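Record features (Swiss-Prot):
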type     : residues                                     : note
ACT_SITE : 48                                           : active site
ACT_SITE : 94                                           : active site, proton acceptor
BINDING  : 51, 90, 525, 562                             : ATP binding site
BINDING  : 92, 563                                      : Mg(2+) 1 binding site
BINDING  : 93, 94, 95, 96, 115, 239, 311, 312, 313, 565 : substrate binding site
BINDING  : 116, 267                                     : Mg(2+) 2 binding site
């Protein structure tokens, strides 16, 4: 191969390569790359593929544990559920594609994460999503929001995997740069977990699935750049998915894996053929030769650069045992899919690409996939000014209140009015407008409808092939067991204090699982941040990773893998970059041994006794109340007390397992008052609450009602077990619990009073329901 002429600085920059990185490429190759090779380095050395800014920080995460079977580095993490069952799970982002083409961007995000799951040999059983948008009053946000939800529902519904839960936040910080994070779970169906490292010199390399076109060109590099007003021109970088073809691909792959003829498998996601060949070769310590002329195409006159960087969807790369390739090809043809032998595993650790009989690219595999650039940036010596100023805020800056309410700018707002305002806030309000577009009951294993509990719960039914696993016959599998999953992040907490905020994310995820009776097992994380090249951006990323690592260690929930999405920024009208709130989303899974011992968040029976587990210490700093009612984003988020978190969560789980706790709900955004309202609405039952309020607290009733703090769970217990339950609480929580009141009838209100019977809130279920259920639809004028 002869050296080509140097590229112009503009051509190099267009591939997302920095000048010093290009010099390193030339040094490694001993020559200048050609156009195809330049493109290969551009995508593989992008942040999206190689994590060059975040990799040093990710090393802090705990990644091992007694149930961890596969940790970071593979397509998905895998945990042991016992009884011969193994769960694969992973979260991924599709933020930038969704910003320029919301429907396809979100749809292909679903398709991509599902491929990560079934590539391991697992059948997808559930999807969750974590979404962030700008203000819902903004017409642009309405378009993005509607498009993303439609894209998620289209792909998930068509492919036949239920979307069982998630979260949606709205904040101007995400205007123009929405976050679309999708988590998938799958139950292992193959005798062995399928890995991605190529092996066996001379083994054939198979291309299977859909055809290759020009869609998704440069998607990985696009996902590693900041968005601008011109990003709409990058629509060709957004892939187009076919969920019906993916449904066939799932079945064909699982059937193929069960033959034992597959050595390794890799999804063609970001960077397409380039990524799958280089990663499989590098992980196996071998090389791969691939002939582009063998690749099935959907467009004519494609050149190597286009083949190698295409991100056409629903494609996979297999390494097969020599002599068994036709067996696999026949399976894929029977499912109406493409399948061809396109290459070979070679001893030389090189990715060598042929096109029209000549070498089109030749690069050491580890230069693309392992030995990639690494940037260890200098951390700010002290927190940035915005954080220090925010931390100076205290509740003394707010007007004091009375039992009648609080006066804001000359107008008295009753606590009841404030509660209704918060229930009408899209971030807090019901997401039924979203959920009703998803098929959340396909596969017939969904235990709670979305919104009915603090975490999604899916029944674990024996799947085909599990009898061959160590547990013996399928009948040995406990069909009463289930898996719970949640996705969580309070981005305002993380913005105001990345370290404490990230710890709170892990704590809330575990708390949500505990509220349904699940034992938290492991984490997959999605780090959505701004530019790490800016000191504040890197400080936020570094501090959040430190907090996540500590939280996962404290709660014994190792990280099995995840995704990093940086450069999430938009430009204001003056052309200044504005980063999103730092948003480290935690996806956490938990095990439920007995599905008859679970509970949702709604009250269950008239006369049940209501308790608040945990400390009564709360803060208005970083709260939804402060942001919505006072239009102020300031203060410190609640500090996490991991010892109390562990005790409160364990008490909740054990209370559920013993049959004492009939409902459980985390006190999160909006504080105690919102949690009470949500439990009333979920159970369609009122409640009478009596709060012990000290003379000092009388002036800060907003903190009592709407203050936020960790380690707080609202539970209801059948009255006949009150004495036993309170004795149990005293033994395990000491003074860290309160009896609040009793559950009322369907026609009673939510009444919150002081212990001397002064009414703070009295509101009907009907009025709360109108605000809560219709908040999003009203803003969309639907």
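Cβ from N, Cα, C; glycine included.
The closest partner of residue 92 (Mg(2+) 1 binding site) among the recorded positions, by CA position, is 562; the full candidate set was 48, 267, 313, 562.
In this structure, the CA atom of residue 311 (substrate binding site) is 11 Å away from the CA atom of residue 267 (Mg(2+) 2 binding site). A 10 Å radius around the C-alpha of residue 90 (ATP binding site) takes in these recorded positions out of 48, 116, 313, 563, in sequence order: 116, 563.
Of 94, 95, 115, 313, all annotated as recorded positions, the residue with the shortest Cα distance to residue 267 (Mg(2+) 2 binding site) is 115. Residue 115 (substrate binding site) falls within a helix when secondary structure is assigned with DSSP. Nearest in space to residue 94 (active site, proton acceptor), taking C-alpha to C-alpha distance over the recorded positions 48, 116, 313, 525, is 48. Excluding 51, 90, 525, 562 themselves, the residues of that chain whose CB lies within 8 A of the CB mean position for the ATP site are, in sequence, 58, 72, 91, 92, 524, 526, 527, 559, 561, 563, 564. Binding-site extent for substrate: residues 93, 94, 95, 96, 115, 239, 311, 312, 313, 565, maximum pairwise Cα distance 20 Å (rounded to the nearest whole number). Between the CA atoms of residue 563 (Mg(2+) 1 binding site) and residue 51 (ATP binding site) there is a gap of 9 Å.
Checked against residue 95 (substrate binding site) by C-alpha proximity, the recorded positions 48, 51, 116, 562 yield 48 as the nearest.
Cβ-based crowding with a 10 Å cutoff singles out 311 as the top-ranked of the binding-site residues 92, 116, 267, 311, 525. Under the DSSP three-state reduction, residue 267 (Mg(2+) 2 binding site) is assigned to strand.
For residue 562 (ATP binding site), the nearest of the recorded positions 48, 93, 115, 313 in terms of C-alpha separation is 93. When the binding-site residues 93, 95, 563 are compared by the number of other C-beta atoms lying within 10 angstroms of their own C-beta, 563 comes out lowest. Recorded residues residue 313 (substrate binding site) and residue 116 (Mg(2+) 2 binding site) have their alpha carbons 12 Å apart, per Cα-Cα distance. Geometry remark: residue 93 (substrate binding site) versus residue 48 (active site), CA distance 10 Å. Counting every protein chain shown, 27 other Cβ atoms lie within 10 Å of the Cβ of residue 90 (ATP binding site). Secondary structure at the residue listed as 'active site, proton acceptor', as computed by DSSP, is coil.
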